Amino acid sequence: MRNTHNPNETEASEDAENDTQSESDLSFDHGSSEKLNRASLPKTQNSAIPQSNALNTTPNESTSQIDSSPKIPSAVPHISTPNPSSGASTPNIKRVSDFKFGEILGEGSYSTVLTATENSTKREYAIKVLDKRHIIKEKKEKYVNIEKEALCILSKHPGFIKLFYTFQDAHNLYFVLSLARNGELLDYINKLGRFNEICAQYYAALIVDSIDYMHGRGVIHRDLKPENILLDDNMRTKITDFGSAKILNSSHGSHEEDTHHADKPQAHSRSFVGTARYVSPEVLSDKIAGTASDIWAFGCILFQMLAGKPPFVAGNEYLTFQSILHLSYEIPPDISDVASDLIKKLLVLDPKDRLTVDEIHQHPFFNGIKFDNTLWELPPPRLKPFGHTSVLSLSVPNASNKHENGDLTSPLGVPSMVSASTNAAPSPVGTFNRGTLLPCQSNLEEENKEWSSILQDDEKISKIGTLNVYSMSGINGNDAFRFFSSLFRKRKPRTFILTNFGRYLCVASDGEGRKTVKEEIPIKSVGMRCRMVKNNEHGWVVETPTKSWSFEDPNGPASAWVELLDKASSISLPFGNHSVTSFSRSIARSAV
């Protein structure tokens, strides 16, 4: 698949040209973020990524400026946006209607990633949809710009997901990205159990070459893990998810002086980024997460490819941190001495003593590997499990045990880019932020008992009712409203439960009393909107980018549901999926 821009695209309409900008328009300005509201935003804005200009732009008069422009030295080639004043023709302004959206690949607190096909070219992409409301509410504007800037800086290397277009509408930001069809590296580790050393050597070489390029351009990822390493059509790696990154000398990133040693103490106000099982010991000690932190994570990934699990695994994050800070891990005895030696030299407590990228290149584990342009031309070895000769099919994995090692989203809450959607295993320490739960009604004790089999521990019913519902896929909610009255007779009565955990469930009971969840309405997904239906006090609509639901409560006002649904959509997600809390880190440090 060649994801290149068509230079022969027709010129945009006059209205679209008025919104055209010489650079991208998705940046935020912390000082003016309060001005970013749905009334002040244009209907649609867009730009293709310029070849040599920055991604940020000076918006037109109808839009609040939402960031100062960082200057980015490199960008996606062959995609440019001429300055409208230059007299050059302007490429089509991208809009949601230019793409046909497919399956959801991943969801996070602030974003959803979907497959999409461009209508005019039939090219397939992964489009990340980021909710402006949540980004501003949670003050995550900086991380949007960091991810965008990092993707642009790294666009000329084959080891990274590429950003092709950016555009926005009144509610969402859209990143049009390359689609890595073969999912996450973690899927294959889970399916094989362990890689043999030939496979591990090849994929480790690709990863370390990408790290070398990334660090050479002043980008520190800070959340490297198998979930953030994707595989393209040719089974070569693509690093993704730069929402946690630090870009040196960036107007959006930190201006701290970075060294390979990363041994300077930091203020406690510094936010943690990363995933518990891959976090470096210097981060747990409140020191700078420098380039050596990525080297530590690379050591964890190499260990996991060869051993089948991360080196630091414990029942909860406190014990995981203790294992990291005490360097408590065991290398399986059947791993070769040369591979064991490399792992030991990567997983070193003091970042000053870890191998540098150049030293990794020279390690005997990579004998026969040339770290030059030819590396990415080598055919990937057929995946084989450790100690076996069977070969894994290169079809897209059906990894039902995906994420059994836990996952922590970046400060954006951004999901993995292009992995197949699967169910995460429950965390041993999963809890909710109790202060944000919906209220429970005291008169629903019988209902709580009746439906207890489908409720989670400590989960209670906040509201229950029999609703008339109609759903439709692939239709914009505004268009859907035109059909609601005529389609009302087709709506089906269903029992819906809204829980204090913020889950909106369509439930059913069969003739034998067995309870099942027929569907969970994704009210926490990015771009979700819930609103009343005009001229119908009993009706409301829930809209997501790919599906809309029309509800009617014949026995009560819609406002009672809408108010609770709005509150439920912002309830904190469980942080038990191996995310790092400051409380656990402080205990771990004090115990060393």
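Glycine too: its Cβ is placed from the backbone N, Cα and C atoms.
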Where Swiss-Prot places phosphoserine when the choices are SER13, SER64, SER85
SER64
Candidate ranges 130-175, 314-359, 498-543 [criterion: Swiss-Prot lists as region 'PIF-pocket']
130-175
So one of SER69, SER410 should carry the feature phosphoserine according to Swiss-Prot; which one?
SER69
DSSP-derived class (H/G/I helix, E/B strand, else coil) of SER111 (ATP binding site)
strand
Identify, among the binding-site residues SER111, SER178, the residue whose Cβ has the fewest other Cβ atoms within 10 Å in this structure.
SER178
Between ASP223 (active site, proton acceptor) and SER111 (ATP binding site), how far is it from one CA atom to the other, in Å?
17
Which residue, out of the recorded positions ALA180, ASP223, GLU227, shows the minimum number of other Cβ atoms inside 10 Å of its Cβ in this structure?
ALA180
Averaged over the whole of the domain 'Protein kinase' (99-366), what is the pLDDT?
88
